[in-house]
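Annotation comment: TrEMBL describes 24-46, 58-77, 134-153, 160-186, 198-219, 231-248, 260-284, 291-309, 315-335, 405-426 as transmembrane segment. Here TrEMBL flags 24-448 as domain 'Ammonium transporter AmtB-like'. The annotation compositional bias 'Gly residues' is assigned in TrEMBL to 476-488. The region 'Disordered' annotation in TrEMBL covers 476-495.
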Amino acid sequence: MSVPSAYNNTGGVTPDWLNKGDNAWQLTAGTLVGLQSVPGLVILYGSIVKKKWAVNSAFMAFYAFAAVLLCWVIWAYKMSFGEKLLPFWGKAGTVLSYKTLLTQADLPATVHYHSDGTLESAALTPLYPLATMVYFQFVFAAITLILLAGSLLGRMNFRAWMLFVPLWLTFSYTVGAFSLWGGGFLFQWGVIDYSGGYVIHLSSGIGGFVAAFWVGPRLTRDRERFPPNNVLLMLAGAGLLWLGWAGFNGGDPYAANIDASIAVLNTNVCAAASLLMWTLLDVLVFGKPSVIGAVQGMITGLVVITPAAGVVQCWAAIVMGMCAGSIPWFTMMVVHKRWSLLQRVDDTLGVFHTHAVAGYLGGSLTGLFAEPHLCNYFLSVTNEQGGFYGGVGGTQFGKQLAGGLFIIGWNVVVTSIILNVIRFIVPLRMTEELLLVGDDAAHGEEAYALWGDGEKYDITKHGASDYDDTNHGLGTAAGTGTGTGTGTRGPTVTL
């Protein structure tokens, strides 16, 4: 049988190990995840904050995306997916040579052995070049830092953020990625994190909350009232986030296979169920359906399904969506108002609830709902299954809880150390004068050129009072207590 000319090995460009379909899907999936950050979260952050913080908030995300990429190819990729240095860390190294990048991708530390020392599963070797794997994993690292930034909007010194991004990537993200994905001790133990419920969401939620504690709060007036400056653009950013999640979860089998298909469907089903549950609770408790609440529910649904997307059945995705739309809702709307620690720490967008709580919830539920056959399609550690399927399922649930606790503990300690080092170099928080004015003082730029009805804003004429506090009509529906728990709805806006 003749081979089509498109598949002939010509000039080494199409080596025998290359699967063109897998390569095309992996590059597409990576780009979808990248679009979640730029422009997705750039638009969402720039729209969901007060007008005076639109530029700063969007720029924090934009900067992080670029900074992570350079750090990633120079040292951080190998620390996450290279040879083992420690049980939780890979050896640092560059991935800059074309000879390296065009070889077949492999994750050398993911080889797994039985307890008697015999081989259980070989190292993961996707059927595309290392360049594709480096790019795909980069966008996951980048979005983790950008999600963390949601806890710090509206007051962090941008110079401190410039230092924080490479340091946190190096000493926090790479540890979680290697431990759970790159062949580290949690991977070898069999903890399931299909696409980042722990590596990305739990770590960004805990890291953001701890960082918010050390950086300090926004101005009191900003904490008490922080309405979005553009709800429609906020929805556009949220929409990019939702659809981009097809690459987020669909790309993690590292192949264009049937497991990718069920992961994409489960992702959307869980997000829809969570959005509807959150909206229903808003209507029942507060009497009004909130657009911001719907976005919150969408995001918690996406986060909860992430560690389980390709290893649970579709009916389980619905159940997980109902949990995603109710448990984080409860921690945000009820627990937040009653727990003094949550009120004292100014987590601007409530990342603790929508990513830390939701991420740990998703990882835990994975330990209950992971279906044995689907696990064997994806996982290198064979014969894993959720608690609802009996056998070793109860043990799996315990592993999921323990894996999450490691990520929590590591991020609390390392994030604290990083920020206390940075504070000796530059202040973590902007000055009161900068906080009063916002973007124009911090960057010399404003999101909207016009002030009032066609009049150019002039601080010497208009003063520093926040025009964006008025004429939005959002205070009652969205709540007025971000970070303080004093409003009728709890945190105003969260991601």
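Each residue, glycine too, has its Cβ placed from N, Cα and C.
TrEMBL: automatically predicted annotations, no manual curation.
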Quiz item: Does the chain bring the transmembrane segment (291-309) near the transmembrane segment (160-186), so that three or more CB pairs sit under 8 Å (pairs 6 or more apart in sequence)?
Solution: no
Quiz prompt | Leading stretch by Cβ pairs under 8 Å, where the reference is the transmembrane segment (24-46) and the options are 58-77, 231-248, 260-284 | solution = 231-248
Quiz item: Near the transmembrane segment (405-426), which residues from the same chain, at least 6 beyond its ends, have a CB less than 8 A from one of its CBs?
Solution: 157, 159-160, 163-164, 167-168, 171-172, 175-176, 179, 186, 198-199, 202-203, 206-207, 210-211, 214-215, 356, 360
Exercise. Count the Cβ pairs between the transmembrane segment (198-219) and the transmembrane segment (134-153) that lie under 8 angstroms and are 6 or more residues apart in sequence, then report whether there are at least 3.
Key: yes
Self-check item: Two-stretch contact, the transmembrane segment (160-186) and the transmembrane segment (231-248), at least three Cβ pairs under 8 Å
Solution: no
Quiz item: For the transmembrane segment (58-77), what are the same-chain contacts with Cβ under 8 Å, counting residues 6+ beyond its ends?
Solution: 34, 37-38, 41-43, 45-46, 92-96, 134, 137-138, 141-142, 145-146, 149, 152-153, 156, 158, 161-162, 165-166, 169-170, 173-174, 443, 447
